[in-house]
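Colleague: Structure incoming, see below.
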Amino acid sequence: MKKRILLLAGGQSGEHEVSLMSARSVLNALPRDQFDVTPVVISKQGRWLPPTETQRALDSGEAPTGGDLVLHRAASAEGYDAVFPLLHGPMGEDGTVQGLLTLAGIPFVGSGVLGSAVSMDKIMTKQVLASAGIPQVAWALAVRREWQAQPDTVRERAAALGYPLFVKPANLGSSVGISKVSSAEELDGALDLAFSLDRRVILEAMTAHKPREVEVGILGNDAPIASPVGELRFDADFYDYETKYTEGRASMHIPAPLPTEVADQIRSLALRAFRALDCAGLARVDFFYVEETGELLLNEVNTMPGFTTTSMYPKLFEAAGLNYSALVTRLVELALEER
Ligand code: ATP
Ligand code: MG
Ligand code: MG
Ligand code: MG
């Protein structure tokens, strides 16, 4: 019997288009002799699109308006063996869709409500990882109301971290809404931008030097494995949206040229983080390696990382001997595994 898979893509976050790219790759790769795959694109308004509109959105790369309310469509998810929620960012990677699927009793690829919600929120992630003893940059929290009512307290918090610093919406990805702030004059604009996208914002001290950016893939449920370590190199001040998604702006190096002890430490810290955050299925764990000081700092955990055939996560497992189509098959198996 073929397994029936519902592939969710698009979604309401700033990473809608990135998700559509990932979904096209997964659709092509799930072996048709084993899987019967139905894609459903979720519009930017959060509506689940019927088949013809879904196809149009996948082809054109942009979702039209229209579609059905989530709850109406969720009922028709019945009869699927598993769901692949290939959604990035809020309302997809943050436990909301995972909660809906849990209530509906349908197995799904990736982390559950807890792991998804905590990992999506950069502040909660930092708190959990700090209590697990995992090294990270210094940081501070700010909420929108505070920024509106007592901006000076937020400015003081930033000054205490020192410049340059990074300002980020707590719940987003693809560098959307992130600014590198070099001096106090640039702070207000960066906070306004981040608060236009999220109620909670994180201020992060910048690493002591421009860091090397190294990433590792984790695959599994309660006995997860780590991939080789990969490195991203790019010619930009930091890894912003444009650098991420403009062809030829960044290059991937797998395995990353690192001393063996450093690569081993990255893998072991990543596995510890995966467990501490109660992740499942997959995650891409990103680190800063400050070569000048030898510091290794965990930056973030992405529970639904970019998933095109040329994205880092699939490339890391390809280097470990698991090709793209075997990887997506494995992810569905993990979704169906008893835990
Ligand atoms: P993703 O697309 O991987 O989900 P994201 O939107 O969650 O990314 P971050 O990874 O937190 O964003 O930050 C984006 C980039 O900004 C990093 O890859 C790095 O280049 C730079 N950066 C962020 N925080 C810091 C920091 N504290 N010190 C130095 N560089 C940083
Ligand atoms: Mg991220
Ligand atoms: Mg992300
Ligand atoms: Mg990142």
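Each Cβ is built from the backbone N, Cα and C atoms, and glycine gets one as well.
Got these off TrEMBL a minute ago, pasting:
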type	residues	note
ACT_SITE	Glu15	active site
ACT_SITE	Ser174	active site
ACT_SITE	Ser311	active site
BINDING	Lys122, 166-168, 174-175, 204-213, 299-300	ATP binding site
BINDING	Asp286, Glu300	Mg(2+) 1 binding site
BINDING	Glu300, Asn302	Mg(2+) 2 binding site
DOMAIN	126-333	domain 'ATP-grasp'
Colleague: Which binding-site residues from the set Glu204, Glu300, Asn302 have a C-beta atom lying less than 6 Å away from ligand 2?
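Modeller: Among the binding-site residues listed, those whose Cβ sits under 6 Å from ligand 2 are Glu300, Asn302.
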Colleague: Please work out the number of neighbouring Cβ atoms within 10 Å of the Cβ of Glu15 (active site), leaving out its own Cβ.
Modeller: 25
Colleague: Can you tell me which recorded positions out of Glu15, Ser174, Glu300, Ser311 are within 10 A of Lys122 (ATP binding site) by Cα, answering none if there aren't any?
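Modeller: Near Lys122 (ATP binding site) by Cα: Glu300.
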Colleague: Using other CB atoms within 10 angstroms as the count, which residue among the binding-site residues Lys122, Lys168, Lys210 scores least?
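Modeller: Comparing Cβ neighbours within 10 Å for the binding-site residues Lys122, Lys168, Lys210, Lys210 has the fewest.
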Colleague: Just checking: which of the recorded positions Lys122, Lys210, Glu300, Asn302, Ser311 have a C-beta under 6 Å from ligand 3?
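Modeller: Cβ < 6 Å from ligand 3, in sequence order: Asn302.
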Colleague: Show which residues of the chain containing Ser174 (active site), separated from it by at least 6 in sequence, have their CB under 8 Å from its CB.
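Modeller: Those within reach of Ser174 (active site), by Cβ under 8 Å and sequence separation of 6 or more, are Gly14, Glu15, Val18, His88, Gly89, Tyr241, Lys244, Tyr245.
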Colleague: If you count Cβ atoms within 10 Å of each one, which of the recorded positions Thr207, Asn302, Ser311 comes out on top?
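Modeller: Top count of Cβ atoms within 10 Å goes to Asn302.
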Colleague: Could you check which of the recorded positions Ser174, Lys210, Asp286, Glu300 have their CB within less than 6 A of ligand 4?
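Modeller: The ones that qualify, in sequence order, are Asp286, Glu300.
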Colleague: Can you grab the distance from Glu204 (ATP binding site) over to Asp286 (Mg(2+) 1 binding site)? Cα atoms, rounded to a whole Å.
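Modeller: For Glu204 (ATP binding site) versus Asp286 (Mg(2+) 1 binding site), the Cα atoms are 15 Å apart.
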Colleague: If you check the recorded positions Thr207, Lys210, Glu300, Asn302, Ser311 one by one, which have a CB less than 6 Å away from any atom of ligand 1?
Modeller: Thr207, Glu300, Asn302
Colleague: Would you mind checking how many other C-beta atoms are within 10 angstroms of the C-beta on Glu213 (ATP binding site)?
Modeller: 19
